[in-house]
Structure formats: structure tokens, C-alpha cells
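Colleague: Starting off with a structure, shown below.
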Amino acid sequence: MLVGVPKEIKNQESRVGLTPASVKELVLRGHQVLVQKNAGAAIGLTDSMYEGSGASIIDTAAEIFARAEMIVKVKEPQPQECAMLREGQILYTYLHLAPDPEQTRALVKSGAVCLAYETITGANGGLPLLAPMSEVAGRMSIQAGAAHLEKSKGGMGLLLGGVPGVAPGHVAIIGAGVVGTNALQIAVGMGARVTVLDKSVDRLRQLDLVFGNRVSTMYSNAHTIEEAVLDADLVIGGVLVPGAAAPKLVTRDMISRMKKGAVVVDVAIDQGGCFETSHATTHEQPTFIVDGVVHYCVANMPGAVARTSTFALNNATIAHAVALADKGWKRALQANPHLKNGLNVCQGHVTYEAVAHGLGYPYISADSLLA
Ligand SMILES: NC(=O)C1=CN([C@@H]2O[C@H](COP(=O)(O)OP(=O)(O)OC[C@H]3O[C@@H](n4cnc5c(N)ncnc54)[C@H](O)[C@@H]3O)[C@@H](O)[C@H]2O)C=CC1
Ligand SMILES: CC(=O)C(=O)O
Ligand SMILES: [Mg+2]
């Protein structure tokens, strides 16, 4: 198969869809890979490294989109990229369609076969192609939160871990999945007081076993969320209902009653966000203030540590990329129900139920297109 890797064009996004090592995996199996000039240069993955792995370097994204049978990316295609997709072409990347009607419309119109990393499931449960970036974003969320508690960044002027004789800050983490657990690890490591909330008591039970009395676990409902948020100096939003828009768990009213100079980090912003006051921001301008509360809502947090993130992402994406290239999309999806769960839009149809229902499209099952 002819596989194409364009350079990412989202704001401050230096990750790249395939590393030179991943290119080599495909080339060794007889596939051809086109990589856009300087696609990995910002993170030290030079064109000559890609050539050494057997890729051809191509000047423009337009040529890659025109020639490749499968496009491998990181972030959701931007409008000019959607316009270059064509009927039957495979797009393998993060999509986050539920909060994004414009992108969904463009992908439906393209006729392309669009697989979303974030809805591909794993044999042992979970979302293994989302997990590595959730690990990165969860860890970063505490770094970002701690930095924005500083006075110069709009925060209340609080050192998260405190010092001897002065109490540490209180971090409330909503959602105890991959983001939440990684945030928890760093917050505990920094010496903060931590409360974690989830709807899954099993998940809270596991965390209680690991972290013991270094964290407080709470069953998540409107009452406990309000209690935790109003007492917190830093709130991390890390909830997910797979494929669907995030539930708005923290209301505008709660935000207005939080401590002035507190910080919220809405990691779930790529699915629309779980704070009513959130809107997506960029690494260039990561925050805004509502009612004295600093909001950090960057939708591609791992892009800031693009080198670590690219390698971590490739570890999770390469096996399915190889299967898609070896077998073509129909046979690859027929052979693997977990990969099939990644199909969000296909040949003009919305094939992911939560996206179809959320955005008002008829839902067409992947199976009906694979028959
Ligand atoms: N902004 C960014 O750069 C990034 C954003 N993300 C996003 O972070 C979000 C979380 O991802 P993961 O941790 O991997 O998901 P996950 O599936 O591992 O965890 C989500 C957790 O939310 C819990 N949850 C669902 N509804 C809840 C409620 N009402 N109250 C409390 N908890 C609830 C679930 O029980 C689950 O434990 C996703 O939207 C993901 O796309 C991930 C990576 C980067
Ligand atoms: C998951 C995601 O949105 C990201 O890595 O940017
Ligand atoms: Mg988007």
C-alpha cells in the first residue's frame, strides 16, 4: 500500500504520524511510505532518518493527499486537509468528532474511510490508542496547573506542595481513568492534598489500594463535585464517555463560587470539555479567566512534549497501521473487532453511534458496510 504522512498543521503541533522506526516496519513488509519534507524535523526526526528507513520525502501535503491510499496523522484533519481527502482513502488519526460538527460534515462529504484512534478498543478493555496521550496529558495537567497557580500566570500565588509550616494546595480530579490516574500520581508526588472522583466505584477501589490514605476517593455526583470543586485550588477534568461529547459536570454557577485565582485544567476539552465555562485554547494562548478562575483548555496538550508523545503514540498505533496496509481496510476491520470500533465515518456515512446520535446523522453500522 502507498502510505502518506503529512506534516501536522494544528497550532504548535510538532508530533508526527509515523516515526522512522514505524516507516521501516511498513517498508520491510513491502509498503511504500511518503513523508512530507520536515514532518519530524522539529523533534529531531530528520528527513535523512526517514530516507534511511526507506521513505520518500515529498515537498507538499497536496501531493501526499493526492497519491497516498492511507493517510497517517496525529490530530484531527484541519479544514484544508479535509478538502484534500478523497473517496475510499483511509484516514488513520485522532478525530474527536462528537463536539465537532464542521469536521464531521467535511469527512462525510469526502467519502473517505476515517478511523479514530480514540475509539479503537483493546483486547483487555480500555482505549489503547488514546491511553499513551492520556498518560502524557494527565501528567502535564498538574505541571500546567501548578504553573498557572503562580501570580504572574493569573493564579492565586500558591505553591502546590506547600512548605513546612504552610499547608499544601488541594487538587480535585474528576474522572479516575488514564488522565486522572496520571494526574493523581504527579499531584501526590508534588505533595498536594488530592481528592479524586469517579462514577466507577471499582476504579476508586483500585486507586485506594494503590495510594491508600494519600488520596481521598469520592463517588462522583452533582453534590460531591460541587463540594470538591468549591474547596479546591486546582481542578482537573478527565472524564470520558467514549466517542460522546463530555458531560458538563462543573457548572458556571460552581465556577463563580470557586476561590479567586484557582485553576481548572479541562483535559476533556477535545471531547467538548466537562466545565460549562470551557472553550478550546492553544499552546500559544493556553488560558482565559472566568469569574477569577484561570481556565487551561488546550486540546492538544501532548503536542507540547511532541518528542515523547510521538514515540508513545507510535508504540500504540503501528500494529493497526501495519494491518490496514497489509490487508486493506475491509479485511483488516473484518479480522479485528477492536479496530472496527475505530470506524467513525465511512464512504459518506457516520458509523459511530455516539457521534451519529450526538450530531443528528443516521447511524450506519460498520458491519453493514463490511458485508
Ligand atoms: N486535551 C488533550 O490534549 C488530551 C485530552 N484527552 C482526553 O481526556 C479525556 C479522558 O481520557 P482518558 O483518561 O483516557 O479516559 P478513560 O476512559 O481512561 O477515563 C475516563 C474516566 O471518566 C469516568 N467518568 C465518566 N463519567 C463520569 C462522571 N460523570 N463523573 C466522574 N467520572 C466519570 C469514567 O468512569 C472513567 O474512569 C478524554 O476526553 C480524552 O480524549 C486525552 C489526551 C490528551
Ligand atoms: C488525544 C488528543 O487529543 C491528543 O493527543 O492531542
Ligand atoms: Mg476539533
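Heads up, the Cβ atoms here are built off N, Cα and C, so glycines get one too.
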Colleague: Of the candidates Ser134, Ser152, Ser365, which one does TrEMBL list alongside Asp198, Arg203, Ser220, Val239, Leu240, Val267, Ala268, Ile269, Asp270, Val298, Ala299, Asn300, Met301 as binding NAD(+)?
Modeller: Ser134
Colleague: Is Val298 (NAD(+) binding site) helix, strand or coil when read with DSSP?
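Modeller: Where Val298 (NAD(+) binding site) sits, the three-state DSSP reduction gives strand.
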Colleague: Among Val239, Val267, Ile269, Asn300, these being the binding-site residues, pick the one whose CA is nearest to that of Lys75 (substrate binding site).
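Modeller: The smallest Cα gap between Lys75 (substrate binding site) and any of the binding-site residues is with Asn300.
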Colleague: What are the DSSP helix/strand/coil residue counts across the domain 'Alanine dehydrogenase/pyridine nucleotide transhydrogenase N-terminal' (4-137)?
Modeller: 49 helix, 21 strand, 64 coil
Colleague: Using the alpha carbons only, what distance in Å do you get between Arg203 (NAD(+) binding site) and Asp270 (active site, proton donor/acceptor) once rounded?
Modeller: 23
Colleague: List, in residue order, those recorded positions out of Arg15, Arg203, Asp270 with a Cβ under 6 Å from any atom belonging to ligand 1.
Modeller: Arg203, Asp270
